[in-house]
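**Student:** First the structure, then my questions, so here it is.
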Amino acid sequence: MPTGSSTREVMGAGRCRLSKIGATRRPPPARVRVAVRLRPFVDGTAGASDPPCVRGMDSCSLEIANWRNHQETLKYQFDAFYGERSTQQDIYAGSVQPILRHLLEGQNASVLAYGPTGAGKTHTMLGSPEQPGVIPRALMDLLQLTREEGAEGRPWALSVTMSYLEIYQEKVLDLLDPASGDLVIREDCRGTILIPGLTQKPITSFADFERHFLPASRNRTVGATRLNQRSSRSHAVLLVKVDQRERLAPFRQREGKLYLIDLAGSEDNRRTGNKGLRLKESGAINTSLFVLGKVVDALNQGLPRVPYRDSKLTRLLQDSLGGSAHSILIANIAPERRFYLDTVSALNFAARSKEVINRPFTNESLQPYVLGPVKLSQKELLGPPEAKRARGPEEEEIGSPEPMAAPASASQKLSPLQKLSSMDPAMLERLLSLDRLLASQGSQGAPLLSTPKRERMVLMKTVEEKDLEIERLKTKQKELEAKMLAQKAEEKENHCPTMLRPLSHRTVTGAKPLKKAVVMPLQLIQEQAASPNAEIHILKNKGRKRKLESLDALEPEEKAEDCWELQISPELLAHGRQKILDLLNEGSARDLRSLQRIGPKKAQLIVGWRELHGPFSQVEDLERVEGITGKQMESFLKANILGLAAGQRCGPS
């Protein structure tokens, strides 16, 4: 078995996420640091007089008996080893306290307590009133650092917030607000893991922290087993966020997060005696810890896929393992021989974890400073030439050769440039970078954001003119688009086919009234032609002109195409309606399909409606059939009546 002393610094190098700032260079690697703590024998434990199975060699290495060969030992080397007599202060000062300074630099940090059940993880993280653990000590020092760095006169203003959650049976529960239910874990566009809806409490002192943390700790799920009377049945995560805002230009903003994680211990149900709910809890704990081991192995082997999403725990620890945090893993082990297999498993996991590579970076962004409203006088708005003309005669005689001194505060210096508050952050960052570059090169000109008043007024006037020009062009573009749409609509209306609709009325310059052509059945026309006084007009199409031929007259009368309209004879309309009504009441679906504009689907609808409601009383009742509208009804009547005129079959077969 390897001793765990070798390290591979290239592992996991490609799995980090870089922020927008500093994307030009890769952040330096930072290996996960691993510390091992050996708890003392528990009082009253059977076999406490037996020698321990683990022995420390120095402050960084230990050895454990080899279960394959009792005459040999397995040696492990880590970043730190704390023996049975080590105190809470030794562990905190040696491993945890050095990473707190990274939070003030806008970087993330995490502390994980790992080990089997009953190994002392919760004692290491929480401790007792007499021996406080990592969490109270870290919060006390962190709040003291933020008070010192955020004091008046310092360049940064700092604020601290806390959140407390547990992962119980793959459910993310808010311990500060237990009624919120199961929360979801999300990832934003920058790769940052976040939990929407998680409660955040601002804290300014250690008393504020205790007021929120102590009641929330009582909401954590614990239970009794054979090995531990108060065994943690969930993974607890305390998230402390430090926000920093720069008081002066360029008004940068930093954010550092501290994860303090108390993992639930792996359990052997044969020794714990878990049944029912405890057995289900143990299964969820062991599954999440198994996925945690798979994540560490995938990072060490450089696999293309790391199974972060296979568990809520690993999803939340994505930033701590292979991400952008300074991570500390405290592996807790027990000296008793009955915990030998659990101890070997914990040491092997710790040895693999120390080879994981993180790449911390500074979470920094540039926020535009929100300027207050500034009232400019009429003279400042008009500019120097206009202001001189606007002054009175007395003011013109006296004059003001020297401008007033500008105020010293940064906000007043920037006050005339009102566009800065609404400017794009990327553009503002480029302007500020250009200003710093000019200052570093020793430019003789005035800085970009501290120009004299006259130059600022000219700059503002130029910007306003450009804005007006842009608005004018946008208005002109909208007018042109509206005009084009109107022309297209008019062209479409003019070219619309009107085969079965009455011809539109047009203005005719002639004095003669319009005549109408009536379409009638051929037999009826022949009968009427036999009578001597009958005069029937038939509409014929011959090229571009139409001729009106009289059966009695021999000379055709030419008329313009615009002087004719199409009408259906009332007798033909009544006759066609009766034919259609008989077909609707007596015809089958096949007979109904002989009608124009009636397909198989509508024929089935008509037959079904007739069976359900009885025969049709009139043709207009067809509108009550589902799927046939009034507009379709009108075209249906005209098409079928014209079909009758043409001699098509219209009746039951």
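Any Cβ shown, glycine's included, is placed from N, Cα and C.
Unlike curated entries, TrEMBL annotations are predicted automatically.
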**Student:** Select from 201-236, 381-416 the stretch of residues annotated by TrEMBL as region 'Disordered'.
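**Tutor:** It is 381-416 that TrEMBL annotates as region 'Disordered'.
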**Student:** Which range, 351-378, 463-490, 491-518, does TrEMBL list as coiled coil?
**Tutor:** 463-490
**Student:** Restricting to the same chain and to sequence separations of six or more, state which residues have a Cβ under 8 Å from that of THR122 (ATP binding site).
**Tutor:** ALA113, ARG230, SER232, ASP262
**Student:** So what's the average pLDDT for the domain 'Kinesin motor' (31-356)?
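**Tutor:** Across the domain 'Kinesin motor' (31-356), the average pLDDT comes out at 90.
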**Student:** Mind telling me which of the binding-site residues GLY115, PRO116, GLY118, GLY120 has the densest Cβ neighbourhood, counting other Cβ atoms within 10 Å?
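**Tutor:** Comparing the binding-site residues GLY115, PRO116, GLY118, GLY120, the most crowded Cβ belongs to GLY115.
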**Student:** By a simple count of other Cβ atoms within 10 Å, which of THR117, ALA119, LYS121, the binding-site residues in the record, is least packed?
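**Tutor:** Result for the binding-site residues THR117, ALA119, LYS121: minimum number of other Cβ atoms within 10 Å at THR117.
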